[in-house]
Amino acid sequence: MSHYRQRFLQLALDSNALCFGEFTLKSGRISPYFFNAGHFNSGAKTAALAQCYADAIDAANMNFDLVFGPAYKGIPLATALACEYARRERDLLLAFNRKEVKNHGEGGTLIGAPLNGRKILIIDDVITAGTAIREVLRIIRNAGGTPTGIAVALNRQEIASETNRQSSVQALMAETGIPVVAIATLSDLLAFVEENASLAKFYEPLLAYKTHYGTEASD
């Protein structure tokens, strides 16, 4: 497993962004783990997370010149990532959207650098159903930008349903042709747990969950 994947999973565990137990998801499934990026709630944690994002993005050789953060969780993630790239001596443009239309001041729903003519990387925490990210793609294209990649923290690699064996990420990539990179996946989490003696008791529940709900192909 890549060092940045291990660093991310350890960071998530230490920050309580990654928890093990029994969690009822919005889908109704009982998951043996839960991921909440809201627990990366300090400057140090967010900076460390941004380093992991940048490492994953660089490993995927993504082509972009603007980082876009969808409201709301994507905004601090995109800001932190742009700062991390500046630290690496690569100055990227930054933009994000607001969910409420502003009728005074600068107006509109977009804030930051103009999107027109830009190659845009979208950054978010996870992709669940993919509905929100499709709306972001529409916003970017309407503003004249070209989405060239999507980066998320964790890819759960779960099938949409018993009759639809694709994950939301697989369906999104097949539909749009836009690559999606994740810092880590459910497969990585399984390997991480297997390699850590203190987490050994969570391995079998995770494996059972992946066997039942996991996608057949990697994504």
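Glycine is no exception: its Cβ is also placed from the backbone N, Cα and C atoms.
The orotate site recorded in Swiss-Prot comprises Phe34, Phe35, Arg156 together with one of Thr79, Thr128, Thr131, Thr176, namely Thr128.
Cα distances from Arg156 (orotate binding site) to the binding-site residues Lys26, Lys73, Ala129 are smallest for Ala129.
Calculated from their C-alpha atoms, the gap between Thr128 (orotate binding site) and Lys26 (5-phospho-alpha-D-ribose 1-diphosphate binding site) amounts to 10 Å. When the binding-site residues Phe34, Phe35 are scored by other C-beta atoms within 10 Å, Phe35 scores highest. Comparing Ala129 (5-phospho-alpha-D-ribose 1-diphosphate binding site) with Phe35 (orotate binding site), their Cα atoms are 16 Å apart once rounded. By neighbour count, meaning other C-beta atoms within 10 Å, the densest spot among the binding-site residues Ile127, Ala129 is Ile127. Across the structure, Ile127 (5-phospho-alpha-D-ribose 1-diphosphate binding site) and Phe34 (orotate binding site) are spaced 14 Å apart at their Cα atoms.
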